[in-house]
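Going by TrEMBL, these are the annotated features:
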type	residues	note
DOMAIN	B:62-291	domain 'ABC transmembrane type-2'
TRANSMEM	B:65-85	transmembrane segment
TRANSMEM	B:97-122	transmembrane segment
TRANSMEM	B:143-165	transmembrane segment
TRANSMEM	B:171-195	transmembrane segment
TRANSMEM	B:207-229	transmembrane segment
TRANSMEM	B:269-289	transmembrane segment
């Protein structure tokens, strides 16, 4: 698909030697007692009592307009972390991410407010994404219908903590998908919800792709990668292992996973 | 698919980005642009503060009643200990002391809870920060606004207490509005400051209650500073009275209580009140903005 773009290829996302480190407080191995904590504080050193997790190690690539890029790799290989860095939500430790406009991340783990009703969450989520009050009001019904929350009764007026995990994930995705995006990143969103909801989401993603310059898709389903992507990045232990056309990379990946 | 020869060959990532006008993702916008973005999210800030306010007691059986019951019980406890047991009312009749104490507790609680929610504004909402784009200052501002709304509902209780002890509404009650505006600016600045500090050091959430309690006892919530420090050098009383919490409390008492006259206020009280508000609102905002691109790491 990238070849169909006439003229020189226009980059939309450039990752330049990106490193991402998570810092976790109080997860340092060793005794968790108060005295151990005290001795750690007293010991000289830079980060005391903090454990670092180096999630992405030196990833570089350039994505071009019109490309659909799949991200694959085993669990914990840094795919979602990399997407967050591209979206500017997680600042890289070193290296830079350059983007065209504001990339958006459609995730299933977009945290919402559990003590508020689904209704409030839809409104707040829309406002936080920068929609105006009128836009939110206009799309409200559409979002609720899309999520299918109200199919089994009036659940939207209940607090989100009463939702099943599938329902909550569906509502989150519906809120995030209600906006149009420039650079779009989809993080395993297709895996949530029942079959009917998956079909609706796939349709919506195809729609969103038409407007978006570049699409990133994280998925553990090789089939949906084959269906939607023309280029694949394979991450393993935070390193970019392979970057190329879908078929080539998937062949190597399937060999690696022993399928 | 072999890549066609490209005129971009050999450019570094930074040069390539510059050529096509790409910007660093998640970079901190200039102040002016940041303020503009923040203004764009004003509906979010307001809606978020309201939602948090109603959610606060949603698990309690009595629900929203706790919004007024909590500060009232607080004032009652302080009255029992300081008014009855320790007799801290020295030099004040009961008609003055009880409204004096209740006003002090409510006004100080406003600042205290703004700081406490500020500390957790970023660190307690990491999920939201990592999931969606918005100017991060929306969160501490929204929490400060939530506390203002909370205070407004406890003001009803305060009015009832003050009137019950014989201070009836008059022209001086109009001063409530500028006092609240100034204190809100001060609180918001403080919340922004502690939001940044709390994002970097979550331990502050554990430490702050002690700091706040010390501040409360030093600000004359339950006693009159000039009366209690009469035998100490004047500058000690001045320093305590000019601290922002004491200033806003005293101004509110002056506005509400008939027999609490201007002789209880320190010199230049309005200038100091305005100065604190301006200093903290602007300083806190800039301090918070300076780390905008770093929130969410961790």
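The backbone N, Cα and C atoms fix where each Cβ goes, and this holds for glycine too.
Here the transmembrane segment (B:65-85) has long-range neighbours at 53, 56-57, 97-98, 101-102, 105-106, 109, 150, 153-154, 156-157, 161, 221-223, meaning same-chain residues at least 6 beyond its ends whose C-beta is under 8 angstroms from one of its own. Long-range contacts of the transmembrane segment (B:97-122) within the same chain, counting only residues at least 6 positions beyond its ends with a Cβ under 8 Å from a Cβ of the stretch, are 71, 74-75, 78-79, 82-83, 89, 129, 136, 139-140, 142-144, 146-148, 150-151, 154-155, 157-158, 161-162, 165, 167, 183, 186-188, 190-199, 204-205, 208-209, 212, 216, 219-222, 224, 244-245, 248-249, 252-253, 256-257, 260, 295-296. Highlighted: of the candidate stretches B:143-165, B:171-195, B:207-229, B:171-195 has the greatest count of Cβ pairs under 8 Å to the transmembrane segment (B:269-289).
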